[in-house]
Amino acid sequence: MKGIVSWAVVSAALVLSATESLAFANVSSFEKRTTTGNGWDLDGKSYDYVIVGGGTAGLVLANRLSANQGTTVAVIEAGNSGYDDNDKFVVPDANLYNSAVNTQYDWQFHTSSQKHMNNRRASWPRGKVLGGSSAVNGLYYVRPSETEVNVWSKLAGGSGRWSWNSLLSGMKKSEHFRGPVKSVQNQLQIQYNAGSHGSNGPIGTTWPAVTYDPVERFIKTADSMSGAINNDPYNGNNHGTYVALSSIDKTNWQRSFSRNGYLDPISKRSNLHVLTGHTVTGIIFDRSGKNAQATGVHYAASSNEASHTVHANKEVIISGGAINSPQILQLSGIGDKNLLNGLGIDVVVDLPGVGENLQDHVSAGMSFKPKNKKDAGPTSVTGDAKADSYVNSAVSYTSLGKLFNNKDSILGKIQARAKQIADSHNVSPAVKQGQSKAYNALADTIFPSKVSPVEILGNVMFGSISIQAALQHPLSRGSIKITSKDPFAYPKINPNYFAENLDLVLLREGFKLIREMSQQSPLKDVIDFETVPGDKVQTNEDWENWIRSAAGTEYHPSSTCAMLPRGDGGVVDENLKVYGTSNLRVVDASVTPIAMSCHLESVVYGLAEVAADIILGN
């Protein structure tokens, strides 16, 4: 992860562990423990709902759908449970100082060679454990803006089911918010609106129990440059500067994530069974009716292990995330018929949008040597719960007008290019039509608004002060495509970074703003000098060359099973049902038709809560 490892490790400590194995005789006589690693425990059994993926969204669904004791639910997760290595997940700063990137605990995905990033292959770590990426991310809890969520709703069909008010309700349902400790509140001058938050949900949110001087200086400097402190960024306007919440449970200062929030409290439900360490290799369909009916799934521990089958009485729900969900659909015969036919896969539903529309927050970080070591934050896990609760969370979501002296000029370029981009893509006519509508919405609604095109993040860690910039609404579009029938072979991941040069221009201006911040008081008073990229980078060309060599993922891929009308290349409808099927849904970040200007955890929790209500008919 050259060029980004110093700051990206904050959200990429991927750790797995062994899990207990318990035998289950049948669905009606569960053991008291719901989690097993033995594939035979589900083999041949039938459940009302089979959930593919025990990650951020999957465990929300497992909890809500199994609340009725008369409803049986099975979850199949490729990773292990993580219970034996619990501290690596629940200690917040363990994600900084005990990283498992590029180990067995990491999916170890990589992109294809990126033409516009010096042909580099970027590392794409993803959580492979119960809880998914909510178990291993940087703990940022940031919500999107009302403007972009309503654009999502309109693109999806306009029924209002996915309006801001609907998603906000789901996000609040998932949250139990607690205010900051007084010392941190006073130092960082934190103000908040408790009414914007949930108080009884499974996921704890609060601010870390300690903070560091550069965090305060970052906030004050950003405020002095823009005058945009936001004291209520969770109620539909996330623009401005603030210290974001972290997904931390204030009662014990531990990470709050989907496993310990949604699964552990219900671990004795006799109607819920969670299988870990097994990969779903394909969905089984009955194709005798008008629409294909999902009747179950095949799964296995590895390509060398026995294949098993579990049956679904009501529905199969895919919650594999932006990479694995389109992969599973394609392996099961749902996707672009040309791709599937070329691999010898029987076409169940010709849906050319599967795997298309991939969007990611591309980012990089600048680093600065602090004048005093004490200003560089922690360097290891201490064993003190409050001290170890510190994670980076200072952010500034800056508008187009703050990045460019002439906002109208850059906006005009974006709007002109938006009318042309889709036609340049080698995709089906339906996908092209949907992309064209999305581009027009970005150009005409999102970019002219206060919705931020670039996020600035202030970090202290590893003896350094670093500030990161991340593009929030990329114009470039990529794809996820399988390359073989082998379910254990990784798909081709092509985010197509900087295929649209305007993405590079937007991010470039973000870094120029960061340099300006570093040279302004009070932040400059704790900085000795800039170490990365250093003073050799001065011209626009210098900046762009450095970005191409240093940029990577901010770990927020989305939109590969887009919620759009089928005629616009959509994969799921507003009920999250896959087109051409009667009972197959996708519930995860892959369904958002456009990227959101936030860290995705809050969106996925809210989305899954809304999805559960839809499935249950609430």
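Cβ coordinates are placed from backbone N, Cα and C, and glycine is handled just like the others.
Feature annotation from Swiss-Prot assigns signal peptide to 1-23.
For Val129, Val280, the entry in Swiss-Prot reads FAD binding site, with the evidence type sequence analysis. According to DSSP, Val280 (FAD binding site) sits within a strand segment. Taking the Cβ of Val280 (FAD binding site) as centre and 10 Å as the limit, one finds 27 other Cβ atoms among all the protein chains shown.
Following the DSSP three-state reduction, the secondary structure of His556 (active site, proton donor) is coil. Summarising the annotation, Swiss-Prot assigns active site, proton donor to His556.
Under the heading active site, proton acceptor, Swiss-Prot lists His599, citing sequence analysis as support. With a 10 A radius on its CB, His599 (active site, proton acceptor) counts 28 other CB atoms from all the protein chains. According to DSSP, His599 (active site, proton acceptor) is assigned to coil rather than to any helix or strand.
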Candidates Val129, Val280, His599, namely the recorded positions, that fall within 10 Å of His556 (active site, proton donor) by Cα distance
His599
Counting across all protein chains present, how many other Cβ atoms fall within 10 Å of the Cβ of His556 (active site, proton donor)?
24
Using the alpha carbons only, what distance in Å do you get between Val280 (FAD binding site) and His599 (active site, proton acceptor) once rounded?
27
Between the Cα atoms of Val129 (FAD binding site) and His599 (active site, proton acceptor), find the distance and write it as a whole number of Å.
19
If you draw a 10 Å sphere on the Cβ of Val129 (FAD binding site), how many other Cβ atoms land inside?
32
Reading the DSSP string in three states, the entry for Val129 (FAD binding site) is strand
